[in-house]
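Scroll down for the structure; my scribbles are underneath it.
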Amino acid sequence: MRAEGADHSMINLSVQQVLSLWAHGTVLRNLTEMWYWIFLWALFSSLFVHGAAGVLMFVMLQRHRQGRVISIIAVSIGFLASVTGAMITSAAVAGIYRVAGKNMAPLEALVWGVGQTVLTLIISFSRILATL
């Protein structure tokens, strides 16, 4: 899918291109493009982490009568919360880059997106350990 920007340049919004890092030598110039690339990396890294946690919960609670349902609900709520936060923080990062007049390399979008997931993991574990 391609969207046309205000300066009549084409913005590439292909999920396959973002995830395969095809865009060697290109830069992300528009706010939409920066937000989309950062958000997709945050989305898929969060999906990977929550998928692994869900499988672990499902295996550990398989003999529990309501364990499967509880694990699905917990993983779903955690994933939706992290994706909502990723939308907001991706827009903030892209906005800062845009206001500063900087272009973003595709690898920077990867670092920002996966970095959001890593920070979410660190904050989540520190909050859990504080309650024990």
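The backbone N, Cα and C atoms fix where each Cβ goes, and this holds for glycine too.
Membrane topology as recorded by Swiss-Prot puts ALA92 and LEU132 on two different faces. Averaged over the topological domain 'Cytoplasmic' (126-132), the predicted model has a pLDDT of 79.
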